[in-house]
Amino acid sequence: MTRGGPGGRPGLPQPPPLLLLLLLLPLLLVTAEPPKPAGVYYATAYWMPAEKTVQVKNVMDKNGDAYGFYNNSVKTTGWGILEIRAGYGSQTLSNEIIMFVAGFLEGYLTAPHMNDHYTNLYPQLITKPSIMDKVQDFMEKQDKWTRKNIKEYKTDSFWRHTGYVMAQIDGLYVGAKKRAILEGTKPMTLFQIQFLNSVGDLLDLIPSLSPTKNGSLKVFKRWDMGHCSALIKVLPGFENILFAHSSWYTYAAMLRIYKHWDFNVIDKDTSSSRLSFSSYPGFLESLDDFYILSSGLILLQTTNSVFNKTLLKQVIPETLLSWQRVRVANMMADSGKRWADIFSKYNSGTYNNQYMVLDLKKVKLNHSLDKGTLYIVEQIPTYVEYSEQTDVLRKGYWPSYNVPFHEKIYNWSGYPLLVQKLGLDYSYDLAPRAKIFRRDQGKVTDTASMKYIMRYNNYKKDPYSRGDPCNTICCREDLNSPNPSPGGCYDTKVADIYLASQYTSYAISGPTVQGGLPVFRWDRFNKTLHQGMPEVYNFDFITMKPILKLDIK
């Protein structure tokens, strides 16, 4: 496992001499070519049909089966940037092989960071070694069940698309293994890669597998269940529609990659094979969630806690995990309703969230928001509820802040009891962020003001925060004076209808410093593993935009 970095501090692994040589070779041969920026790795994967293996070269070749780059800029901007195009090469491949080589290339390009991310997150999730056996057993059964259904129902479009996603994760594993072998490091196991992809699901799976001593209500820290803030804002004359998302979780998860994928999957039931989204090393999903899809759909998500432990006992392995269902729905759906229908199948009851599916095809600027513009989808174990909520959006905004919207979901999850015991902070209408969004959303008129509200934290002066650095849009639990811990809001992504048409967004990594809040430094929390991360987070918003064109040489 790589732990490089000057002064013994966790840092990014240095590129191996061979890889560096291959990266520099084109510069030595073609002197007219401008030098590549430091830390940008190019690679192309070639499927070898006879051997059923993948060959990889450290060049960008548009005739290859998957090609792309990884810009390892985590230390300078807080983000790595990955862009991959697959299935556009000189040979015709099946959709499964296209997905496999796309996964392979991602694994090959990002393996060192995948290792770091696993190292950082494992101790956050597995606090007792005894739970790991139960998790592994559950996940092995779930994987076996999934693959059995993919084989059995080849003509079913849902299972066919599930097969594409599983081919991609298999490729990710093989590609990461290839890179590890080249560098002489220990390869990650397939289970470790599945564990990474299931981080969101594990937030509910682990409590469901843990024995509860009594019926006591466990109230989690504000960030440890992956809580987030999201906002969709429509301007008064429908001149523009803006959307944004700020992730909350442990700061141990701050190793970030923004991804642009373009996979040439030809299937009558595929609606989106090109997408841009915020993500993490080794994740084939966003987790946040923040997706811009070629179907014209935007997907945002915030997490709902399930305080009803009886519900969590309903979780079984013969289901599809949330990350898998999100990926299948993203690929297949061309409308909010269709997304909700697909996502509802084989509900695992893990990573129980509120999803906002915004259909930009239904938005007629300066004219109307047609029916179907916004669907809200919420999941708990054994039940998914969704509804068309464009009417609310027409009034100006849709906020999301970790309290369920649908009454049944709210009641079954145990929120009424929480309100009874702990007060209105847990209610849908009077949660602190509900009040702040209601008060301030009218000030959002463009991407700059959207950035401002989504990084907002004025906990010392805002009456709705009552002195608590997490009773606000962008939480800083590390500033909680009685009991600081390294968790909270650590990113923001912002876009509008115009940017989305170019798969573009503005993104910032790290805890908010708005209003003069102190910059986050790891030296205050050195016991928390943060391998591969910058020591200090003080970055600006950067523009995320895919740059690979068909005409690359």
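Just so you know, glycine gets a Cβ as well, placed from its N, Cα and C.
Worth saying up front: this structure is predicted, and the values here are computed from it rather than measured.
As annotated by Swiss-Prot, disulfide bond applies to Cys470-Cys475 (among others). Following the DSSP three-state reduction, the secondary structure of Cys470 (disulfide bond) is coil.
Annotation note: Cys489 (disulfide bond) sits in a strand segment as assigned by DSSP. For Cys474-Cys489 (among others), the entry in Swiss-Prot reads disulfide bond, with the evidence type similarity to another entry.
According to Swiss-Prot, the feature N-linked glycosylation site maps to Asn71 (among others), an assignment based on similarity to another entry.
Annotated N-linked glycosylation site per Swiss-Prot: Asn71 (among others), in sequence order, evidence recorded as similarity to another entry.
Under the three-state DSSP scheme, Asn308 (N-linked glycosylation site) falls in the coil class. Sequence annotations record features per position, and here Swiss-Prot assigns N-linked glycosylation site to Asn308 (among others).
Taken from Swiss-Prot, the feature N-linked glycosylation site covers Asn308 (among others), and the record attributes it to similarity to another entry.
Under a cutoff of 8 A between CB atoms, and with a sequence separation of 6+ in the same chain, the neighbours of Asn366 (N-linked glycosylation site) are Gly237, Phe238, Glu239. In the three-state DSSP assignment, the secondary structure recorded for Asn366 (N-linked glycosylation site) is coil. Per Swiss-Prot, the feature N-linked glycosylation site maps to Asn366 (among others); the stated evidence is similarity to another entry.
What Swiss-Prot lists as N-linked glycosylation site is Asn366 (among others).
Cβ neighbour count for Asn411 (N-linked glycosylation site) (all protein chains, 10 Å cutoff from its Cβ): 13. In three-state terms derived from DSSP, Asn411 (N-linked glycosylation site) belongs to a helical segment. The N-linked glycosylation site annotation in Swiss-Prot covers Asn411 (among others) and rests on experimental evidence.
Annotation source Swiss-Prot lists N-linked glycosylation site at Asn526 (among others). Within the same chain, no residue at least six positions away from Asn526 (N-linked glycosylation site) has a Cβ under 8 Å of its Cβ.
Positions annotated as N-linked glycosylation site by Swiss-Prot: Asn526 (among others).
What Swiss-Prot lists as signal peptide is 1-38, and the listing cites sequence analysis.
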Determine the minimum-neighbour residue: among Cys474, Cys475, Cys489, listed as disulfide-bonded residues, which Cβ has the fewest other Cβ atoms within 10 angstroms?
Cys474
Tell me, in order along the sequence, which recorded positions from Asn71, Asn308, Asn411, Cys489 have their CA within 10 Å of Cys475 (disulfide bond).
Cys489
Among the glycosylation sites Asn71, Asn308, which residue has its Cβ surrounded by the fewest other Cβ atoms within 10 Å?
Asn308
From the recorded positions Asn308, Asn411, Cys470, Cys489, pick the residue whose C-alpha lies nearest to the C-alpha of Asn71 (N-linked glycosylation site).
Cys489
When you put Cys489 (disulfide bond) at the centre and draw a 10 Å sphere around its Cα, which of the recorded positions Asn308, Asn411, Cys470 have their Cα inside it?
Cys470
